[in-house]
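Student: Dropping a structure here in structure tokens format, bear with me for questions.
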Amino acid sequence: MNKKDLKLYFVYGSDQGDVERSLEVIRQALEAGITMFQLREKGEGALQGRALLDFARSVRALTLEYGVPFIVNDDAALAMEAGADGLHIGQDDIPPADLSAWFDEKIVGLSVGNAHELAASDLQEVDYIGTGPVFATQSKDDAGEAIGITGLEWMRNQVGPLPMVAIGGITHENYKACLDAGADGAAVISAIAGAEDVGQAVRRFLSL
Ligand SMILES: Cc1ncc(COP(=O)(O)OP(=O)(O)O)c(N)n1
Ligand SMILES: Cc1ncsc1CCOP(=O)(O)O
Ligand SMILES: [Mg+2]
């Protein structure tokens, strides 16, 4: 993968199952220039089964239209069925080494937030790491303690040139500090999805 793809990585789901609204949000974010997209279908109202696959395929079509890599969170089978460009997994998800051969040519991202998780991770198997939560977040109940900018800097020193994206509480105010700390970009949910004008929120990140 190209580490430039991590510059502004939008992470989003179907927003309480409202597929039409969600596709519109994703289109606006793509139009404004997000560099990577992750489908993260979690929480109340999450789509299941056929409805989830249809949604993922619609997202696949949209991301192809804009030439932006499409990553599925957690669900390897969904990533394959939707023809995604890759999969993001956490420490409690399927281990990267257990993924099927289909993923050999795909992008595999792993959450690595601290020294303990780093020690437990085989980084040979992954294309990038998602590091955080850098700051407090409302978007993940079990995100754990924020590592701050110093935690991000520490991780950069540990992993050398491996592509690394900052995640958790990233806003327009702290995005630049994450880049300065060595992140190749930021993965963002609420500062984009919760914005009144999604396109403007994306463009503002990209101007920083
Ligand atoms: C880019 C990126 N980084 C980290 C995560 C978090 O993954 P995980 O720890 O598995 O938690 P869930 O997102 O599955 O709740 C991510 N999704 N994306
Ligand atoms: C999925 C995830 N993993 C660590 S923090 C987080 C949530 C990030 O969301 P937000 O950008 O709204 O803080
Ligand atoms: Mg996960």
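Here the Cβ of each residue, glycine as well, is placed from N, Cα and C on the backbone.
For reference, TrEMBL lists these features for the protein:
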type    : residues                                                 : note
DOMAIN  : 8-192                                                    : domain 'Thiamine phosphate synthase/TenI'
BINDING : Gln38, Leu39, Arg40, Glu41, Lys42, Asn73, Ser111, Lys140 : 4-amino-2-methyl-5-(diphosphooxymethyl)pyrimidine binding site
BINDING : Asp74, Asp93                                             : Mg(2+) binding site
Student: So what sits near Ser111 (4-amino-2-methyl-5-(diphosphooxymethyl)pyrimidine binding site) in its own chain, CB-to-CB under 8 Å and at least six residues off in sequence?
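Tutor: Spatial neighbours, sequence-distant, of Ser111 (4-amino-2-methyl-5-(diphosphooxymethyl)pyrimidine binding site): His88, Ile89, Gly90, Gln91, Glu117, Ile129, Gly130, Thr131, Gly132, Ile167.
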Student: Do any of the binding-site residues Arg40, Lys42, Asp93 touch ligand 3, in the sense that the CB is under 6 Å from one of its atoms?
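Tutor: Within range of ligand 3: Asp93.
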Student: Among Glu41, Asp74, Ser111, Lys140, the binding-site residues in the record, which have a C-beta under 6 A from ligand 1?
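Tutor: Only Asp74, Ser111, Lys140 qualify.
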Student: Sorry to bug you, but what's the C-alpha spacing from Asp74 (Mg(2+) binding site) to Lys42 (4-amino-2-methyl-5-(diphosphooxymethyl)pyrimidine binding site), rounded to the closest Å?
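Tutor: Checking the Cα atoms of Lys42 (4-amino-2-methyl-5-(diphosphooxymethyl)pyrimidine binding site) and Asp74 (Mg(2+) binding site) gives a distance of 10 Å.
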Student: Provide, as an integer number of angstrom, the distance between the C-alpha atoms of Asp74 (Mg(2+) binding site) and Leu39 (4-amino-2-methyl-5-(diphosphooxymethyl)pyrimidine binding site).
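Tutor: Per the Cα atoms, Asp74 (Mg(2+) binding site) and Leu39 (4-amino-2-methyl-5-(diphosphooxymethyl)pyrimidine binding site) stand 9 Å apart.
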Student: Fill in the CA-CA distance, Glu41 (4-amino-2-methyl-5-(diphosphooxymethyl)pyrimidine binding site) to Asp93 (Mg(2+) binding site), as an integer in Å.
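Tutor: On Cα coordinates alone, these residues lie 14 Å apart.
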Student: Should we count any of the binding-site residues Leu39, Asp93, Lys140 as near ligand 2, judged by a CB under 6 A from one of its atoms, and which?
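Tutor: With ligand 2 as the reference and 6 Å as the Cβ limit, the list reads Lys140.
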Student: Cα of Gln38 (4-amino-2-methyl-5-(diphosphooxymethyl)pyrimidine binding site) to Cα of Asp93 (Mg(2+) binding site): how many Å, rounded?
Tutor: 16
Student: Radius 10 Å, atoms counted are CB only; among the binding-site residues Glu41, Asp74, Asp93, which position scores highest?
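Tutor: That would be Glu41, with the highest Cβ count within 10 Å.
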Student: Mind checking which of Arg40, Lys42, Lys140 has the fewest other CB atoms within 10 A of its CB? They're the binding-site residues.
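Tutor: Output over binding-site residues Arg40, Lys42, Lys140: least Cβ neighbours within 10 Å is Lys42.
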